[in-house]
Amino acid sequence: MSTNNMSDPRRPNKVLRYKPPPSECNPALDDPTPDYMNLLGMIFSMCGLMLKLKWCAWVAVYCSFISFANSRSSEDTKQMMSSFMLSISAVVMSYLQNPQPMTPPW
């Protein structure tokens, strides 16, 4: 057994324990895409509700899906779910007020 320890090239006094870097110095962990999409979803939801534009309501649903897909599991989901429900309600209300199919905005 002592021969095995003598042939081991590792030096136990040089072993350093791994410490993860703080999140403030790692810009890759601070992805602002979910926050931007959440804000855009709320803006488009309000435009869809107030201006009765169906395409704005659908863009809000799309932005909410992107925000949900890009978020981290450690984030609080209350704001994201409220944005998602606001966008769904914008679509529902715009089709309740005018049930005709959506006309393209161009």
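Each residue, glycine too, has its Cβ placed from N, Cα and C.
From a predicted model like this one, the values you see are computed outputs, not experimental measurements.
Summarising the annotation, Swiss-Prot assigns region 'Disordered' to 1-29.
Residues annotated as N-acetylserine in Swiss-Prot: S2.
Residues or ranges marked as transmembrane segment in Swiss-Prot: 33-51 (among others). Note on the transmembrane segment (33-51): residues 57-61, 63-64, 66-68, 70-72, 75, 79-80, 83-84, 86-87, 89-91, 93-94 of its chain, located 6 or more positions outside it, place their CB under 8 angstroms from a CB of the stretch.
Taken from Swiss-Prot, the feature transmembrane segment applies to 53-70 (among others), supported by similarity to another entry.
Per Swiss-Prot, transmembrane segment is recorded for 75-95 (among others), and the stated evidence type is similarity to another entry.
Each residue of the topological domain 'Lumenal' (96-106) gets a DSSP state, and the totals for helix, strand and coil are 2 helix, 0 strand, 9 coil. Sequence annotations record features per position, and here Swiss-Prot assigns topological domain 'Lumenal' to 96-106.
Same-chain residues lying 6 or more positions outside the topological domain 'Lumenal' (96-106) and placing a CB less than 8 Å from one of its CB atoms are 52-55, 58.
Taking Cβ pairs closer than 8 Å, the transmembrane segment (75-95) reaches residues 34, 38, 41-42, 44-46, 48-49, 52-54, 56-58, 60-61, 63-65, 67-68 in its own chain, all 6 or more past its ends.
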